Amino acid sequence: MELRSLEPLAECVWRHPPRGRMRVPVVFFGDRELLAAMDEKVLEQAANVATLPGIVGASYCMPDAHWGYGFPIGGVAAFDPDEGGVVSAGGVGFDISCGVRTLHTGLDEEALAPVRERLADALFRHIPAGVGVGGRIRLDDEAMEAMLRGGARWAVAEGWGEAADLARVEEGGCVAGADPDAVSARAKARQRPEMGTLGSGNHYLEVQRVGAIHDREAARAYGLEEGAVVVSLHCGSRGLGHQIGTDYLPRMARAAAGHGIALPDRELACAPIRSEVGAQYLGAMRAAINCALANRQILTHLVREVFADVLPAARITLLYDVSHNTCKEERHVVDGVERTLFVHRKGATRAFGPGSPGLPPEFAAVGQPVLIGGTMGTASWVLAGRPGPGEGAFQSACHGAGRRVSRRQASRRWQGRSLIEEMAARGILLRGRSLRGLAEEAPGAYKDVDAVVEAAERAGLARRVARLEPLICIKG
DNA sequence: ATGTTC
């Protein structure tokens, strides 16, 4: 991307002034190198978002941003319902409430070493993963509705976990306002065999070693020590979320036209928050959030079953669970005035700073854990939320490394078989169901996650707490 | 991301 149109605002914060029909500027977070490597299409898409009614502050792009459906992935945009603000399916993404959950194991790397191969094989056997791969649960209509309303709380009540888990899940494991009636029969049918499955693409389950600690106080609050073993899983609402996106896009395109909203790109289809379609989408999207939270809860139970068998000394507890594809109704102070806003985070992680309401009390002083997923060969990160620069990006940070090379290009450039060997040579046990899928996910297909989180920290979005290094990686 | 093209 050309940096000429950008004004430096602060370290790693850049502003593209409003032009044409843009109501607000675009604000980028990132260093010169990350922004220079960013596709021009990211600016084009973020500028399109800036034209939408009711947008507040700016159209934001995280350091890991790349182009997506309508809105950039790595984009944050907040809308005020009192000013005609909109909700957009493309602003949330198809994998609604995709997110990361990180689990403590209570073990250190020495305890893991003798059983690493066995653990990798057992996880790969026990965790359903891959396109169209079902799980062992089949929900009837009544259970489906209870799951969509209850999220991880439903899952725990059904025996998939422990009550204490819920305190460490965003929203306490269940978001309010879910409307199962706004979810199509087809979306529910697609989800029926997919509860408790990992999916494919960039979704994964990793066993990781806690590497360098960058912030001792926050690491203590989060229970992270160098050399400890943790498990992270990255997945979302599977077929249900995808079908909701598919179902609502044409409805939103009609709603936008009906409300006189001129769209610079049809992929920006949206509906006023205060409209029938807007309200229905929000109800369906919240049901999908609960589905994703329930899914990660069931997967946690499967992880516990594997550890009970292979490493019975393990005690699996939650560090945290946070989504990075959502639209959330939140209170934010803008120019000294507190307002209710609908914050779209698409490939961007909520990053509440110290003292924010809704955080577990033990995190109040250090801020929310911000879980950043890396790639199969590189680190993941735990960051801590900060108040943010100025109005910030409504308390948001990056979500991962961000794709650099398209799936198609990556599948030509890398080979799954060689990746397994290369990873093994570096002490990383990689297990995948599709060699092509592995090639598409080659570490080289992604940006440098260490550079992304450093830029996020320098921009003041979050601060680095701990680096997580992969030991075992399970992919779909 | 995705019963990888309704």
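In case you wondered, yes, glycine gets a Cβ from its N, Cα and C as well.
Sequence annotations record features per position, and here TrEMBL assigns active site, GMP-histidine intermediate to A:His399. The Mn(2+) 1 binding site annotation in TrEMBL covers A:Asp95, A:His203. According to TrEMBL, the GMP binding site annotation covers A:202-206, A:324-325, A:373-376, A:Ser380, A:399-402, A:Lys475. Under the heading Mn(2+) 2 binding site, TrEMBL lists A:His234, A:His324.
What TrEMBL annotates, mapped onto the structure for a quick look.
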| residue | record | DSSP (3 states) |
| --- | --- | --- |
| A:Asp95 | Mn(2+) 1 binding site | coil |
| A:Asn202 | GMP binding site | coil |
| A:His234 | Mn(2+) 2 binding site | strand |
| A:His324 | Mn(2+) 2 binding site | coil |
| A:Thr375 | GMP binding site | coil |
| A:His399 | active site, GMP-histidine intermediate | coil |
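Checking Cα-Cα distances from A:Asp95 (Mn(2+) 1 binding site) against the recorded positions (A:Asn202, A:Leu205, A:Asn325, A:Thr375, A:His399, A:Gly402) with a 10 Å cut-off leaves A:Asn325, in sequence order. When Cβ neighbours within 10 Å are tallied across all protein chains shown, the highest count among the binding-site residues A:Asn325, A:Thr375 belongs to A:Asn325. With a 10 A radius on its CB, A:His234 (Mn(2+) 2 binding site) counts 25 other CB atoms from all the protein chains. Look at the Cβ of each of the recorded positions A:His203, A:His399, A:Gly402 and count the other Cβ atoms within 10 Å; the largest number goes with A:His399.
Taking CA atoms as the reference points, A:Leu205 (GMP binding site) and A:His399 (active site, GMP-histidine intermediate) are 16 Å apart. Listed binding-site residues near the residue listed as 'active site, GMP-histidine intermediate': none (candidates A:Asn202, A:His203, A:His234, A:Thr375; Cα-Cα distance within 10 Å). Each residue contributes its Cα atom, and for A:His234 (Mn(2+) 2 binding site) and A:His203 (Mn(2+) 1 binding site) these two points are 5 Å apart. The Cβ of A:His324 (Mn(2+) 2 binding site) has A:Cys98, A:Gly99, A:Val100, A:Arg345, A:Lys346, A:Gly347, A:Ala348, A:Thr349, A:Arg350, A:His399, A:Gly400 as same-chain neighbours under 8 Å, each 6 or more residues away in sequence. Each residue contributes its Cα atom, and for A:Asn325 (GMP binding site) and A:His203 (Mn(2+) 1 binding site) those atoms are 13 Å apart. Every protein chain considered, the tally of other Cβ atoms within 10 Å of the Cβ of A:Asp95 (Mn(2+) 1 binding site) stands at 25. Annotation: A:Leu205 carries the greatest number of neighbouring Cβ atoms among the binding-site residues A:Asn202, A:Leu205 [cut-off 10 Å, Cβ to Cβ].
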